[in-house]
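The structure appears right after this line, and notes come after that.
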Amino acid sequence: VSGINTVTEFVLLSFPCSREVQVLLFMLFFVSYILTLMGNGAIICAVKLDHRLHTPMYILLANFSFLEICYINTTVPNMLGNFLSETKTISFTACFLQFYFFFSMGTTETFLLPLMAFDRYMAICRPLHYPTIVSNRLCMNLVALCWVTAFLCYPVPIYFITQLPFCGPNTIDHFLCDPGPLLALSCTSAPGIELSCSLLSSLIIFVTFFFILASYSLVLRAVLRVPSASGRKKAFSTCGSHLVVVSLFYGTLMVMYISPTSGNPAGIQKIVTLFYSSVTPLVNPLIYSLRNKDMKAALKKIQICTKTDQSE
């Protein structure tokens, strides 16, 4: 690749501001990063250690938390290093690796969320068939399929982008290697690659989003037929937290990737990307654990066990 391109590294501008503000941003994002790791890690531990949570719903939730940890690790450590770095450079290879893993993780999330919606649909609309159809084994197989399929989506588009001539400038006005800013740096226009990337992103986002909408429309119809108020409340509570996560994630994704090269100003691109790549992984554990009695009980149990071990 380096033989074709005169550019061997890129400069990620990140958030241009004074040194003091950079240090402040570093501290803010570092605390957010640690909290995200702890929150999602706690959910994984709770599901692993509490046998009552060894059900498809919680297996999916633990996998989702694991994905969130992987997802933020594709961008945040590099972004933190950039805040304290003078050069803010990233090598050509590292840039495209980050692009690949960031998009593959994001695509995995767009596949996992419909799977979680399908699980809720089966549990609420087909309760008698649910235990026989949605087994733990099927759940794990579908999760594996989500990961494998997502990681097969972007190698070809990324390969074609790496083959474009990058002869300078090499400054990306972003905190990560995003296709829009990258394509803008190419010495030749590539409308075909641009359009195919946009179509691929749009197809993945819309198909999965409409699947979620369809699942929850059926869930809502079933919930409204539940005679008891407590039954309706429980069903709404379980689905409500999932819908909040879906709204946060898909809302920001649609702003970013539906239009070709995402014709948004660089500042808006950075804020929106920051939201779905850093903020949602931070708030997801709160949304899921605070609205779920079983999860709260499991987390308390871990806390008590930890305290007991420390006192011993």
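Placement of Cβ uses the backbone N, Cα and C atoms for every residue, glycine included.
Marked as domain 'G-protein coupled receptors family 1 profile' by TrEMBL: 39-288.
If you look up TrEMBL, you'll see 23-46 (among others) marked as transmembrane segment.
If you look up TrEMBL, you'll see 58-76 (among others) marked as transmembrane segment.
Marked as transmembrane segment by TrEMBL: 96-118 (among others). Listed by sequence, the residues of this chain that lie at least six past the ends of the transmembrane segment (96-118) yet keep a Cβ under 8 A from its Cβ atoms are 57, 60-61, 63-64, 67-68, 70-71, 74-75, 78, 90, 142-143, 146-147, 149-151, 153-155, 158, 161-162, 176-179, 182, 204-205, 208-209, 211-212, 215-216, 219, 242, 245-246, 249-250, 253, 276-277.
What TrEMBL records for 138-161 (among others) is transmembrane segment.
What TrEMBL lists as transmembrane segment is 199-223 (among others).
Sequence annotations record features per position, and here TrEMBL assigns transmembrane segment to 235-259 (among others).
A Cβ distance under 8 Å defines the sequence-distant neighbours of the transmembrane segment (271-290), meaning residues of its chain 6+ beyond its ends; these are 29, 32-33, 35-36, 39-40, 42-43, 61, 64-65, 68-69, 71-72, 75-76, 102, 106, 174-176, 178, 241, 244-245, 248-249, 252-253, 255-256, 264, 296, 299. The transmembrane segment annotation in TrEMBL covers 271-290 (among others).
Cβ atoms under 8 Å from those of the transmembrane segment (23-46) belong to residues 15, 17, 53, 61-62, 65-66, 68-69, 72, 76-77, 79-80, 83-84, 278-279, 281-282, 284-286, 288-289, 295, 298-299, 301-302 of the same chain, restricted to positions at least 6 beyond its ends. Using a Cβ-Cβ cut-off under 8 Å and counting only residues 6 or more beyond its ends in the same chain, the transmembrane segment (58-76) has close neighbours at 29, 33, 36-37, 39-41, 43-44, 47-48, 98, 101-102, 105-106, 108-109, 112, 115-116, 119, 136, 139-140, 143, 175-176, 277-278, 280-281, 284-285, 288, 294-295. In the predicted model, the domain 'G-protein coupled receptors family 1 profile' (39-288) shows an average pLDDT of 87.
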